[in-house]
Amino acid sequence: MQVSSLNEVKIYSLSAGRSLPEWLSDRKKRALQKKDVDIRRRIELIQDFEMPTVSTKIKVSRDGQYIMAVGTYKPRVRCFDTYQLSQKFERCLDSEVVTFEILSDDYSKIVFLQCGRYVEFHSQHGHYYKTRIPKFGRDFSYHYPSCDLYFVGASSEVYRLNLEQGRFLNSLQTEASESSVCDINPVHFLFAMGTAEGKVECWDPRTRNRVGLLDCALSSVTADTEIEGLPSISALKFDGALNMAVGTSTGQVLLYDLRSSNPLIVKDHHYGLPIKSIQFHHQLDLIISADSRIIKMWNKDTGKIFTSMEPEHDINDVCLYPNSGMLMTANEAPKMNIYYIPVLGPAPKWCSFLDNLTEELEENPESTVYDDYKFVTRKDLENLGLAHLIGSSLLRAYMHGFFMDIRLYHKAKMMANPFAYEEYRREKIRQKIEETRAQRVQLKKLPKVNKELALKLIEEEGGEQQFSKKRKQKNLPSLLKDDRFKVMFENPDFQVDEQSEEFRLLNPLVSKISEKRKRKLKILEELEAQGQEEEEEPEGKASDAESSESSDDEKGWVEEVRKQRKLLRQEEKLKRQERFKEDQQTVLKPQFFEIKEGEEFRSFKDSAKKQKLMKKTLEDRLKLEEKLGTLNVSDTTVGSKQATFKLKKSEQQRKQQEAEKQHRQERKTLRRSASHLKSRRGRGQLFH
């Protein structure tokens with residue numbers, strides 16, 4: 001049994017797990033269950049609850065005892081008895097079923113609408129009667145008071161078949177070109193049909209007149225939806241006497257009050273797929289809407305998502321078992337899915353053991369596979385010293401990191417930082433002490449780096465806060481408390497050098513701006529204290545006076561910048577003079593260099609000769625090398641040139657080669673003398 005959770009709503013999939021083939025014998029099935037753990041752990045709520053290939057529709061009888069499903073291939077209907085938890089019967093049909101309806105409380109009266117325009121009636125014993133409608137049908141509804149069947153399809157007419165009289169009645173003429181779905185209200189029996197033009201027509205069966213028209217296509221378009229074509233009606237369902245839900249082919253669900261032409265709420269599935277089924281859950285005021293990809297449960301008043309399910313295969317139909325938390329789906333797969341959601345309601349009485357089973361699972365939650373593994377990045381591995389394990393079986397690559405065994409992770413962490421617990425304990429103690437100190441009177445401490453800048457910011461913030469309190473404005477964030485600028489007051493690399501040229505040239509301007517700001521704040525405070533009203537001209541001063549003041553400020557800081565530049569030039573001159581004096585005072589002494597052994601000192605003229613040679617062309621250099629005998633150029637038989645070079649040997653190399661030759665000769669003489677002595681000793685032994 002597979003368990004999933006969304007929005008803290010647990011969903012139990014009772015059909016998850018492997019299924020066994022029908023043609024296997026009971027003996028082989030039992031043998032497989034003993035061998036395979038997955039087969040042994042699965043829950044088969046209803047035996048063989050599946051179709052050969054695909055299931056298209058699924059319904060529950062009114063007494064809740066029988067579940068009926070249709071599918072292919074071959075076209076067939078299967079009835080499952082919930083009291084026996086097995087299949088009751090199976091009947092094959094001539095053509096595929098579009099939809100069907102259970103007319104009685106049990107399976108004794110069933111109507112099938114088939115794709116070949118046929119309407120087939122089945123009784124308890126089997127096939128009862130078969131008739132045909134003029135156009136291809138897509139849906140039908142049964143009107144209980146008059147025993148009429150209303151058929152809609154590829155026509156503008158709604159065909160009526162009376163089951164009491166056994167004949168067709170006059171059809172209803174609509175304005176639609178085609179109709180896709182229909183439904184009859186269970187309270188006042190209003191007949192509604194959805195058209196291909198995106199409209200819903202409502203008819204009164206008593207007078208056979210149209211009593212209302214809703215344009216759902218226009219209402220389904222919201223600001224977020226993208227229009228690709230005209231949305232048609234794909235699902236329709238009544239809820240009580242006044243509410244009606246409409247599903248469109250573009251994936252929207254509209255909830256209407258029949259007294260209004262505007263929808264109460266529009267819910268978009270955001271998949272652009274036609275809505276296949278709409279169900280109502282009255283206990284929690286939920287709407288269960290499904291397209292081929294997802295089943296969504298949402299509140300009908302707010303539209304807030306309650307939970308959702310995404311089965312593995314495409315959905316064809318959804319059936320909610322009455323007064324319970326069980327949900328069944330017909331899908332594009334042989335197996336029909338069964339879901340149990342305890343929040344929606346209790347389990348049906350024929351499978352009440354599900355409540356006990358789910359309670360046990362909640363009490364003893366099984367650990368998932370990932371609970372035993374830890375996800376680590378490459379940087380974490382380097383910090384733990386486990387980077388050499390990359391590529392081994394101990395690490396499982398996944399996305400931007402690796403999964404590793406949680407036990408190995410804890411061991412490596414303990415070895416990498418054995419005092420982690422002590423540090424954690426100290427940090428917790430420090431935090432507790434700071435919490436107690438927070439109640440005391442705190443002194444403002446300046447940071448270690450850029451103390452003057454921090455003091456300046458604190459003073460400016462204090463003045464601005466007082467002004468903003470008076471004006472009832474929001475305070476701006478502090479640079480000292482901002483994490484982005486925290487390093488500026490911690491790292492000494494960011495220390496402001498007040499003796500640098502840039503600071504000295506900018507400081508007059510910055511100081512003037514700060515002074516101007518302080519002056520402005522004082523003036524505004526005085527004006528607010530006096531309670532004067534703001535006018536176009538600033539109070540107490542004319543615009544000319546203010547402009548003259550600003551020009552005076554500009555002149556003042558320009559003069560200060562000039563002064564700083566003059567001072568900088570004077571300092572540079574002084575530095576040059578000091579360097580010049582130091583150069584004059586220094587006495588140059590001759591330096592001696594030691595020549596390595598095996599090298600000869602040739603004059604500095606050799607380097608001058610080399611420089612002259614480098615300036616000459618390649619042709620001149622080759623001619624010179626030929627004269628010296630280090631280069632030999634000759635013509636080949638093919639017609640090209642062949643050049644051979646002789647590298648010059650240095651004096652050290654020559655001495656080394658001579659020493660090697662002498663060493664070889666000494667070794668040869670030693671070998672000869674040794675062999676001569678051996679031969680003599682051998683002869684002496686022979687004589688003895």
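One is the number of the first residue shown, and numbering goes on along the chain from there.
Backbone N, Cα and C atoms are what each Cβ position is placed from, and that goes for glycine too.
Automatic, uncurated: that is what TrEMBL annotation is.
Per TrEMBL, the features are:
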type: DOMAIN; residues: 1-364; note: domain 'Nucleolar protein 10-like N-terminal'
type: DOMAIN; residues: 369-417; note: domain 'Nucleolar protein 10-like second'
type: DOMAIN; residues: 482-508; note: domain 'NUC153'
type: COMPBIAS; residues: 528-538; note: compositional bias 'Acidic residues'
type: COMPBIAS; residues: 631-643; note: compositional bias 'Polar residues'
type: COMPBIAS; residues: 648-663; note: compositional bias 'Basic and acidic residues'
type: COMPBIAS; residues: 664-688; note: compositional bias 'Basic residues'
Helix, strand and coil residues within the domain 'Nucleolar protein 10-like second' (369-417) as assigned by DSSP: 25 helix, 14 strand, 10 coil
Helix-strand-coil residue split for the domain 'NUC153' (482-508), DSSP-based: 18 helix, 0 strand, 9 coil
Local confidence of the prediction over the domain 'Nucleolar protein 10-like second' (369-417), expressed as mean pLDDT: 83
